[in-house]
């Protein structure tokens with residue numbers, strides 16, 4: 001398992017390095033020039049070409065799919081596996097977690113490559129600065145995941161906490177940065193993003209609600225059977241509520 005994880009990590013890293021080296025530089029300089037020419041120093045709205053507009057939308061789609069969907073989905077899947085008692089189901093959920101997180105990292109990396117090679121990156125706004133920090137930390141998470149220690153080792157608890165905390169932090173920061181990116185896009189193009197902001201909010205609320213319900217679902221299902229279990233006979237004796245026991249005691253006296 002550990003060897004296969006290392007091979008998968010090596011393949012993913014090689015893919016990213018090759019994409020950085022092979023990507024055409026002419027298209028990048030043309031797109032960057034289009035952005036620089038259309039961006040007035042006075043802060044007037046951008047007049048983007050169709051090519052640059054498509055690249056911005058593709059960049060947003062990559063990061064929305066990564067931070068806004070696949071990363072939260074992976075967190076939910078591993079949470080579900082911790083509540084399952086079926087060995088086959090646990091393995092299936094775990095592998096789905098790994099696949100979703102690797103796909104999320106690759107999509108976010110693709111969005112980063114697209115941004116660095118085609119857009120003007122002065123890192124003068126919050127969206128670019130937060131994105132740069134995410135690009136650096138994002139690859140640390142799968143490396144930690146692939147090199148997890150075996151169960152029973154003392155360092156396993158520390159590894160689990162760090163892996164869980166870092167995953168939640170990256171996912172939450174990524175979602176916030178998607179919101180910042182939508183706002184920045186609106187400020188620089190004057191185009192409305194209310195629909196996309198609303199859709200992202202609905203999606204985040206649904207995923208957060210589902211995540212919280214995983215812990216409470218089995219407990220909620222047991223609530224309807226609690227009163228019946230109290231009246232079931234135990235050792236040929238019938239158990240009664242406390243108030244009924246007091247009434248029986250008074251009658252016997």
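Using N, Cα and C of the backbone, Cβ positions are placed for all residues, glycine too.
Please treat TrEMBL annotations as automatic predictions, because they have not gone through curation.
Here is what TrEMBL says about this protein:
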{"type": "SIGNAL", "residues": "1-27", "note": "signal peptide"}
{"type": "DOMAIN", "residues": "21-221", "note": "domain 'Cytochrome b561'"}
{"type": "TRANSMEM", "residues": "61-80", "note": "transmembrane segment"}
{"type": "TRANSMEM", "residues": "92-117", "note": "transmembrane segment"}
{"type": "TRANSMEM", "residues": "129-147", "note": "transmembrane segment"}
{"type": "TRANSMEM", "residues": "159-182", "note": "transmembrane segment"}
{"type": "TRANSMEM", "residues": "194-214", "note": "transmembrane segment"}
Inset, instruction - Quickly jot the same-chain residues contacting the transmembrane segment (159-182) by Cβ under 8 Å, restricted to those at least six beyond its ends, or write none. - result: 60, 63-64, 66-68, 71-72, 74-75, 108, 126-127, 130-131, 133-134, 137-138, 140-141, 144-145, 148-149, 193, 196-197, 200, 204
Legend entry - Reported mean pLDDT - the domain 'Cytochrome b561' (21-221): 81
